[in-house]
């Protein structure tokens, strides 16, 4: 009896693990969507710039310069921009692979599995809600400071102060109204949203250019070399702390990937818009922070309204109004970006069955998920009403960094994974199939192999995920692993070791600096293991077929992105992690009570649903034929590749004889 119980329990657990690890099967036509594909590269680029240039430049710059880095804020923005660029390159490659709404959630679902995809999607929801709420709070605070704090004083007179430490000092009804107003405006449709965003972003960029020009015109170089202060008054540690805070200013570029399902040509627009927007924003942040710290000494900066006060001290009163206009426009576009991305992430998860089906509906007239927009706008408004800016920004960073880490890992996993069965069918020109399959493969030039020279393409398919010839000495250790499994395991081990290294740097830095033997030995061992993981990954052949944009230097750049993101996550406070685990616990209830049972991938995976669907019943045995390709087709393609390679390299006469016989 106990053995029977163990067998039943083992069967249940194996079924649960298979459900949690199942990956999303992409449709044959990736461009088909109920959303409106109307955005060009210019629209998407301005959407990314608008999402990133907002509260960061008008609120964050003064705080970091005054309290963390001084003039070294220039280096802080450069470091934060470089770390963000590492993740942005990974997002750009995935944007060409999977042009679907959902951003990192969809990328994780395709590459790693359903459970981690839900975790990432659940945190993206939190990220965008907190992003919208924090910008609404900053918008309200900026306007209130221009009015002499009339709104705050009046509110506290009416409602009194909230004495709870976890909440803000007073409820911000202006921020609540701003969130709800812009959520209503977004219901007009994506094209109208893109037009409004383009106008406001253009105004914001013009104001930034004005700030840079006037700032350098009135610059005083001596402000970068104050007595006993210098360029780095808080040391290089202050630069790193500032970089961790400035990272918040770059979190908007993932809205570009979210718009992939509404882009006309996502293969070109997504990578180009991602790189362009991040470069423009990084240059803009560096120039504005340099102009600010050159105009006035860093210790005289007003963190609440740094730029207007800086120009006011220089006697340029008219510039204050222009800067205030740019600030309102910039924070508005950032708020629009968060409220734009959040409903589409809800839509992507609901379309896959992991969230409630009501969130998967799209309005036929506006082609916008209106219910998602209403719920996300209300939740963001409530957060803006009750929490202050500092708590919102700190809590938002953890979800963003986790998403960036998983996306970077997913790039490595997919690069070294053998080609899928669906692609294999299209890549075997000699494999017999139906007329429909032949017509489909001939019409799809992106997935079909050139019949005149198929050998190199098919060799790459067969070798994907296998050891390179120069690393055959690893065969006794990795030879029994299935193609791609060793690389996936090495990526997982690299992430775990990165956490250990970053945690040791945080806890035992003094012992390492003093040369304590155990600290140096442990650190050296962990670094050796990290390098070994990279060697194992790079020892295998990659699969780069069909990629319009490729991350350079894989696996080194994605691995560096993983390490940098984990390093920033380790520096977050314990209270932030506690809030994160509470939010994640709520998500686990949603997944295990609803998502795992209603997943569309679970429905597609059952043979009963494939046999009983009407479409497949009309085709006859179409479903079972395609399902049966899972093992046979892969073997067939491997045989074709081996046959072509051996015939080409060993027996050329046989090829000539075969051609003569055919003729």
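Every residue, even glycine, has its Cβ placed from backbone N, Cα and C.
The compositional bias 'Low complexity' annotation in TrEMBL covers 441-454.
Sequence annotations record features per position, and here TrEMBL assigns domain 'Cationic amino acid transporter C-terminal' to 549-599.
Under the heading region 'Disordered', TrEMBL lists 427-454.
With a threshold of 8 Å between CB atoms, the same-chain residues lying at least 6 positions outside the transmembrane segment (41-61) that come near it are 73, 134-135, 138-139, 141-142, 194, 197-198, 200-202, 204-205, 208, 245-246, 248-253, 255-256, 259, 263, 265, 268-270, 272-274, 276-278, 280-281, 284-285, 288-289, 292, 304, 306-307, 323, 326-327, 330-338, 340-341, 389. Positions annotated as transmembrane segment by TrEMBL: 41-61 (among others).
Marked as transmembrane segment by TrEMBL: 73-92 (among others).
The transmembrane segment feature in TrEMBL is assigned to 104-125 (among others).
Under 8 Å from some Cβ of the transmembrane segment (173-192) lie the Cβ atoms of residues 35-36, 38-39, 132-133, 136-137, 139-140, 143-144, 151, 155, 262, 332, 335-336, 339-340, 343, 366-368, 370, 373-374, 376-378, 380-382, 384-385, all in the same chain and six or more residues away from its ends. The transmembrane segment annotation in TrEMBL covers 173-192 (among others).
For 199-219 (among others), the entry in TrEMBL reads transmembrane segment.
Residues or ranges marked as transmembrane segment by TrEMBL: 231-251 (among others). The list of residues near the transmembrane segment (231-251) in space but at least 6 beyond its ends in sequence, with Cβ under 8 angstroms from a Cβ of it, reads 52, 56-57, 60, 63-64, 68-73, 75-77, 79-81, 83-84, 127, 131, 224-225, 278, 281-282, 285, 298, 393, 396-397, 400-401, 568, 571.
Only residues 6 or more beyond the boundaries of the transmembrane segment (370-389), in the same chain, are considered here, and those with a CB under 8 A from a CB of the stretch are 55, 59, 128-130, 132-134, 136-138, 140-141, 162, 166-169, 171-173, 175-180, 182-184, 186-187, 338-339, 342-344, 346-347, 350, 358-359, 361, 363. Annotated transmembrane segment per TrEMBL: 370-389 (among others), in sequence order.
Sequence-distant contacts of the transmembrane segment (395-414) (same chain, six or more residues past either end, CB-CB distance under 8 Å): 86-87, 90-91, 93-94, 97, 103-104, 107-108, 110-112, 116, 119-120, 123-124, 126-127, 130-131, 134, 244, 247-248, 251, 254, 484, 487-488, 491-492, 495, 537, 543, 551, 554-555, 558-559, 561-562, 565-566, 568-569, 572, 576-577, 579-580. As annotated by TrEMBL, transmembrane segment applies to 395-414 (among others).
Here the transmembrane segment (485-505) has Cβ contacts under 8 Å with residues 405, 409, 412-413, 416-417, 465, 478, 512, 519, 522-523, 526-527, 529-530, 533-534, 536-537, 540, 555, 559, 562-563, 566-567, 569-570 of the same chain, all six or more residues outside its ends. For 485-505 (among others), the entry in TrEMBL reads transmembrane segment.
The transmembrane segment annotation in TrEMBL covers 517-539 (among others).
Same-chain neighbours of the transmembrane segment (551-570): 83, 86-87, 89-90, 92-93, 244, 247, 397-398, 401-402, 404-405, 408-409, 411-412, 415, 491, 494-495, 498-499, 501-503, 505-506, 530, 534, 537-538, 542, counting only residues six or more beyond its ends whose CB sits under 8 Å from a CB of the stretch. Feature annotation from TrEMBL assigns transmembrane segment to 551-570 (among others).
The transmembrane segment feature in TrEMBL is assigned to 576-594 (among others).
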Please give the sequence-distant neighbours of the transmembrane segment (517-539): residues at least 6 beyond its ends with Cβ less than 8 Å from one of its Cβ atoms.
412, 416, 467-468, 471, 474, 478, 486-487, 490-491, 493-494, 497-498, 500-501, 504, 508, 511, 555-556, 559, 563
Six or more residues beyond either end and a Cβ under 8 Å away: which residues meet both conditions relative to the transmembrane segment (73-92)?
61, 64-65, 103-104, 107, 239-240, 242-247, 249-251, 253-254, 256-257, 270-271, 274-275, 278, 281-282, 285-286, 289-290, 293, 404, 407-408, 410-411, 549, 551-552, 557-558, 560-561, 564-565, 568
In the domain 'Cationic amino acid transporter C-terminal' (549-599), how many residues does DSSP call helix, how many strand, and how many coil?
40 helix, 0 strand, 11 coil
Would you mind listing the long-range same-chain contacts of the transmembrane segment (199-219), meaning Cβ under 8 Å and 6+ residues beyond its ends?
46, 49-50, 53-54, 57, 280, 284, 287-288, 290-292, 294-295, 307, 310-311, 314, 316, 319, 322-323, 325-327, 329-330, 332-333, 336
